[in-house]
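Presented below is the structure to which this report refers.
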Amino acid sequence: MEKSIWLLACLAWVLPTGSFVRTKIDTTENLLNTEVHSSPAQRWSMQVPPEVSAEAGDAAVLPCTFTHPHRHYDGPLTAIWRAGEPYAGPQVFRCAAARGSELCQTALSLHGRFRLLGNPRRNDLSLRVERLALADDRRYFCRVEFAGDVHDRYESRHGVRLHVTAAPRIVNISVLPSPAHAFRALCTAEGEPPPALAWSGPALGNSLAAVRSPREGHGHLVTAELPALTHDGRYTCTAANSLGRSEASVYLFRFHGASGASTVALLLGALGFKALLLLGVLAARAARRRPEHLDTPDTPPRSQAQESNYENLSQMNPRSPPATMCSP
């Protein structure tokens, strides 16, 4: 009986102890899980939207914010924006802030159209682009550099795509010669979305007839060709997209000559007329010079000139009275 009581007492002591140990282990595991899933220290990161759209001629804002592991950094920093590709693309904007300053002095602004809107001290590198053009349609990458006690830098890898839209504009329209004395017309336009081109003219009727060239467009440029112009007159190229339309015209007037024999006779007649005209001019000049020679007085002979000289000499020296002779 005493042995049974002793065994029951041992079991009563062991069970609470085991329960306490298990509870302590579970608590420790919960504490470890809380540390793992808690927010880690700040790391480098860049937040940019995938795309920004704006119309040509307007302005666009490229947002860019970042985080970094260096808390309360107030040393010198540089903000940079690149175009085309990260790390190696050409810089379009750069500014630098001195230690403790929130003013980022602009060192580079391509064509004066890029301006920093954000404050790098507050982890904001947002950029404003003025007077957009179709050439600005590309990808841009923001970058920040620390150069104080901490030397560190970070740049966005994917960047933000700037999508520029534009109404169509015809940049060239011309008529070019083709083999076999034929002519063809070319029309080149730009726009985004790429415009659809159509030709209208005497040979195409009154309605617009779309004649798209098999040549592919280059970038935002699209070219349409009218391969054979069979009639003289006005040919109009029309470019249109969702933002508008544009038109330009070119005129074709061909010289319609006669047959071969008539053409030769016409050329010979023109040459003969020019020859007669030249002979008439030469004859008129010769007739004008002839009266001038007849009206010119003859030159007096030399003998008369000498006699008059002697006469003048005798008049200037009259004869003196004869000298008186004295006899011895």
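A Cβ is built for glycine as well, from the same backbone N, Cα and C atoms used for every other residue.
Per Swiss-Prot, the residue from the list ASN172, ASN312 bearing the note N-linked glycosylation site is ASN172. Looking only at the domain 'Ig-like C2-type' (168-251), the predicted model's pLDDT averages out at 83. Sequence-distant contacts of ARG143 (N-acetylneuraminate binding site), defined by Cβ-Cβ distance under 8 angstroms and a gap of at least six in the same chain, are ALA79, ILE80, TRP81, ARG82, ARG153, TYR154, GLU155, SER156.
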